[in-house]
Amino acid sequence: MMTRDVLLEMELEDDDDDDGDIGDVPASRRPLMAPPTLLPSSLVLENLEQTSGTLGSQQDFRTPEFEEFNGKPDSLFFNDGQRRIDFVLVYEDESRKETNKKGSNEKQRRKRQAYESNLMCDGLQLEATRSLLDDKLVFVKVHAPWEVLCTYAEIMHIKLPLKPNDLKTRSSAFDNFNWFTKVLQVDESLIKPEQEFFTAPFEKNRMNDFYIKDRDTFFNPATRSRIVYFILSRVHYQVVNNVKKFGINRLVSSGIYKAAFPLHDCNFSSPSEDLSCPNERYLLYREWAHPRSVYKKQPLDLIRKYYGEKIGIYFAWLGYYTQMLLLAAVVGVACFLYGYFNQNNCTWSKEVCDPDIGGQIIMCPQCDRLCPFWKLNITCESSKKLCIFDSFGTLIFAVFMGVWVTLFLEFWKRRQAELEYEWDTVELQQEEQARPEYEAQCTHVVINEITQEEERVPFTTWGKCIRITLCASAVFFWILLIIASVIGIIVYRLSVFIVFSAKLPKNLNGTDPIQKYLTPQTATSITASLISFIIIMILNTIYERVAIMITNFELPRTQTDYENSLTMKMFLFQFVNYYSSCFYIAFFKGKFVGYPGDPVYWLGKYRNEECDPGGCLLELTTQLTIIMGGKAIWNNIQEVLLPWIMNLIGRCRTVSGAEKITPRWEQDYHLQPMGKLGLFYEYLEMIIQFGFVTLFVASFPLAPLLALVNNILEVRVDAWKLTTQYRRMVPEKAQDIGAWQPIMQGIAILAVVTNAMIIAFTSDMIPRLVYYWSFSVPPYGDHLHYTMEGYIDNSLSFFNIADFKSKSRENPYTELGNYTTCRYRDFRYPPGHPQEYKHNIYYWHVIAAKLAFIIVMEHVIYSVKFLISYTIPDVSKSTKSKIKREKYLTQKLLRENHLKDMTKNMGAIVEKMVEVVDNNLRPKLD
């Protein structure tokens with residue numbers, strides 16, 4: 001057996017890998033790897049720094065043996081039927097591949113052979129089989145024998161079973177309602193509950209302590225795949241100018257291998273004919289991904305077992321979020337119905353639609369050129385719609401959502417702690433290994449402050465500061481680019497409003513359907529929202545690649561650190577990308593417009609746009625509906641149609657061989673790869689939706705209902721996609737949802753402020769309340785009792801047409817008649833007053849009421865949120881007790897086993913000593 005690595009020595013100009021430094025390591029430094037001779041783990045770490053030999057001749061390569069397909073399509077084993085396939089590598093045979101670059105095929109072949117030879121030197125067993133559908137493709141099946149699994153399980157600190165868990169679970173108060181919830185449960189006759197064990201990090205020298213009934217099943221398929229992927233990611237294949245290149249990820253990205261993946265255990269639509277196959281994929285499809293299971297609870301334990309804890313925790317969080325949305329949706333619909341059935345009682349809307357009131361109010365032009373004078377009653381339909389959303393129910397719902405989001409986050413923390421215990425990830429941070437890309441750059445030696453021992457790091461403190469500065473600058477630049485695009489949309493709004501004002505029908509009798517619904521404001525809002533959505537999608541696609549490049553340059557240590565860093569960058573960008581237009585409409589549009597005689601201009605050219613007389617709330621609702629609906633449709637197209645079409649195209653290309661029986665590895669190869677960041681985008685999609693549901697819910701009470709419907713479908717679409725359209729992902733461990741938890745907490749805090757400001761500044765609720773309680777009755781009003789009558793007339797100020805700065809401001813539409821004044825939305829003194837066009841006392845009453853409302857609402861909700869957070873602990877008392885109890889019993893078990901071993905060894909020593917003494921004394925007695 002060869003006991004040294006095979007590395008190809010090549011000149012730099014002959015290297016065709018140009019994907020940066022990822023996967024490069026100086027020859028004096030290697031990623032964490034066990035020596036190929038599989039020494040005991042105590043000696044493994046002593047050999048990690050050794051430099052392997054360099055051999056480049058063909059005869060030094062160890063190559064896998066080629067075997068013909070044995071005709072068993074459901075087999076998950078080598079041809080001998082004994083060795084399980086833990087991973088599959090796919091490449092295109094260089095001798096049968098066409099190329100335009102002379103010699104490139106030979107270089108790729110030598111790199112692949114060196115890599116496979118080193119895999120075999122490190123203890124893995126390989127078997128190659130040529131494709132039945134495409135004779136250029138070769139499938140290399142990888143098997144990890146028992147010794148390799150044990151060695152790397154110890155290096156990776158993988159927790160494995162010690163003994164069955166005999167702790168009794170507490171009975172639930174809902175157990176009496178099992179007859180009611182049974183219909184929602186998965187069929188336990190098909191998906192049996194997983195047996196629970198006490199676990200401990202594996203150690204080869206304490207192997208007898210572990211619950212090993214069968215070596216073939218002690219390491220489940222998910223754990224075997226994790227271990228093999230750990231090895232594949234760290235094996236070298238080439239040295240260039242004293243720099244080693246390593247890892248399956250680099251080989252796949254450079255085209256040397258076409259794919260690398262673990263196998264699904266069977267076909268999703270039918271169980272395997274192999275009686276030893278657990279058929280977990282088939283069970284997941286039947287009880288989880290199939291449309292008829294849409295009402296059932298998710299089989300989280302089986303999802304975790306098959307796909308790993310990282311996938312499992314995502315679906316657990318998504319399912320819990322969807323359940324909590326049910327309550328928010330019910331309250332939101334109730335508030336919507338309250339506004340809908342009371343819209344006919346909306347006094348101010350009646351005044352707008354009344355021909356004798358709204359029909360007699362002439363409004364000032366909203367732009368400098370071409371915009372006409374217009375009658376207030378043309379906004380009748382929009383005012384009726386506004387009554388639905390701008391009602392007292394909106395205030396109640398905003399307060400409720402501030403409490404709801406806190407309840408959701410606190411109860412999710414408790415649920416997450418339960419899953420950490422059940423899935424044995426409580427101490428996961430101690431197990432996680434450094435990324436191979438990080439290890440590759442560890443060339444600087446520093447002294448650890450705690451251990452006072454030397455350790456290697458990729459860069460000095462100064463170098464780390466430079467990297468952080470450059471990364472932060474890049475992120476800041478892209479955020480500025482997003483802000484620039486938002487300004488472009490604002491300029492579009494200002495420009496196109498003039499065009500719509502001139503081109504739309506001028507008939508003001510209110511009977512034309514186009515005139516009735518498609519006002520210049522509505523047309524501008526809808527087109528700007530659509531353009532904003534398109535720009536969001538384009539910039540999102542570009543920034544994804546930029547964010548990955550920045551995070552790769554930043555070089556986080558572990559995969560968790562990498563994903564958290566990428567998460568923060570992507571969300572910061574997406575926050576500005578998706579929410580900037582909503583923030584503009586809610587808090588800036590129509591707030592700084594001046595008055596007709598002295599308007600405010602953008603860039604000295606474009607007049608700032610105004611809101612409808614009822615405010616910008618309806619436009620904000622339109623913006624949210626378009627972005628949420630468009631985003632949901634777009635994501636479903638990407639998630640469902642795109643992989644389905646790609647797989648369909650792949651099947652059409654191989655239709656000539658469709659009659660052949662193909663093996664499992666070839667069927668999986670023609671599925672779509674998930675990608676390492678596939679789950680990241682699923683989280684991002686849901687968190688962006690979470691922001692829409694919480695940040696702007698005061699303007700759209702139906703947002704939780706839309707999110708609920710979308711998420712019910714999202715769970716099953718994601719499940720269908722994973723089980724039917726994608727290759728099996730490498731199972732990964734995860735303790736929690738990572739950086740998404742603090743992001744949601746930040747959104748929850750910000751949501752209180754945004755909803756309070758939407759009610760105060762975007763809606764017209766506070767001015768109406770001030771009028772009702774103060775200005776409808778003496779000394780400011782003329783009514784004898786509190787009423788909303790006269791509110792519209794009171795909320796619109798007068799302007800003298802003769803005071804227009806531009807003399808060309810003459811009425812171009814003679815059908816309106818000759819008027820000397822027009823009205824505009826503001827609280828200012830009329831012309832002729834000593835303080836004409838200055839803010840009146842009504843304005844200052846409204847401002848004071850708005851500020852008081854924001855302060856009171858924020859303090860009340862924040863107080864309730866703090867009280868809820870303090871009252872509900874992150875980890876339940878029962879879960880804490882279980883964790884402590886299991887830890888105690890595990891330590892006790894290990895200690896007892898250690899004492900038994902010592903006693904057994906001491907007994908053997910005593911027996912030998914007695915035997916020796918007896919042998920020495922017997923001759924003397926004789």
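The backbone N, Cα and C atoms fix where each Cβ goes, glycine too.
Curation does not apply to TrEMBL; its annotations are automatic.
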For TrEMBL, the entry region 'Disordered' belongs, out of 11-36, 89-114, to 11-36
Short question: which residues 6 or more past the ends of the transmembrane segment (686-709) have a Cβ under 8 Å from it?
-> 318, 321-322, 325-326, 328-329, 331-333, 335-336, 339, 389, 393-395, 397-398, 401, 405, 571, 574-575, 578-579, 582, 586, 617, 620-621, 624-625, 627-629, 631-632, 740, 743-744, 747-748, 750-751, 754-755, 758-759, 762-763
Hey, would you say the transmembrane segment (475-502) packs against the transmembrane segment (314-341), going by three or more CB pairs under 8 A that are 6+ residues apart?
-> no
Stretch with greatest number of CB pairs under 8 Å, the transmembrane segment (314-341) reference, 392-412, 522-543, 737-761 candidates | 392-412
